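Asks: Take a look at this one; I'll ask things after.
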Amino acid sequence: MKKNLTNIYLIGLMGAGKTSVGSQLAKLTKRILYDSDKEIEKRTGADIAWIFEMEGEAGFRRREREMIEALCKLDNIILATGGGVVLDEKNRQQISETGVVIYLTASIDTQLKRIGQKGEMRRPLFIKNNSKEKLQQLNEIRKPLYQAMADLVYPTDDLNPRQLATQILVDIKQTYSDL
């Protein structure tokens, strides 16, 4: 089946640069950027931490699956996904079939620095006292799933979001001439 190339999906762990790069991709392509976690918060009127607290991870993942399904039906979007989106097989399938999947990677130290700068220590799966260990654990579980989905992979440790977004677009156009 031919891949639908109208959407660009950014996957990777928290702090990998998905939203920063996505914002630049949206500007360069004049497309709308969606952040799946922010869209869930808008729809529910509650933040992700509250959803995790009240509904548990299973409740959040159900909401995430519904949001991914809705967003994958849109055309010509940039989507910065939540780090755990790859844990659900249906999410992986929908994302893979409806766009180009960009996997952004970063070292654990870079992720910790970025998460700390954004004041995002409140993330539900981010345990402040064991943050480095938690990120390593999440990476071990999710990395094979990210790699299996990825059409293109980019390290973001030395991130200049605009330069990286420009390179991603060049690479997409070289790889997929009909985008």
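Cβ atoms are placed via backbone N, Cα and C, with glycine included.
Swiss-Prot lists these features:
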- Gly15, Ala16, Gly17, Lys18, Thr19, Ser20, Arg123: ATP binding site (BINDING)
- Thr19: Mg(2+) binding site (BINDING)
- Asp37, Arg61, Gly83, Arg142: substrate binding site (BINDING)
Asks: Using Cα coordinates, what distance in whole Å links Arg61 (substrate binding site) and Lys18 (ATP binding site)?
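Replies: Cα-Cα, rounded: 19 Å.
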Asks: Please report the Cα separation of Ala16 (ATP binding site) and Gly83 (substrate binding site) in Å, rounded to an integer.
Replies: 9
Asks: For Gly15 (ATP binding site) and Arg142 (substrate binding site), determine the Cα separation and express it in whole Å.
Replies: 14
Asks: Which residues does Arg142 (substrate binding site) neighbour through Cβ under 8 Å, counting only same-chain ones at least six apart?
Replies: Leu13, Gly83, Gly84, Val86, Leu87
Asks: Using the alpha carbons only, what distance in Å do you get between Asp37 (substrate binding site) and Thr19 (ATP binding site) once rounded?
Replies: 11
Asks: Determine, from DSSP, whether Gly17 (ATP binding site) sits in helix, strand or coil.
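Replies: It is coil.
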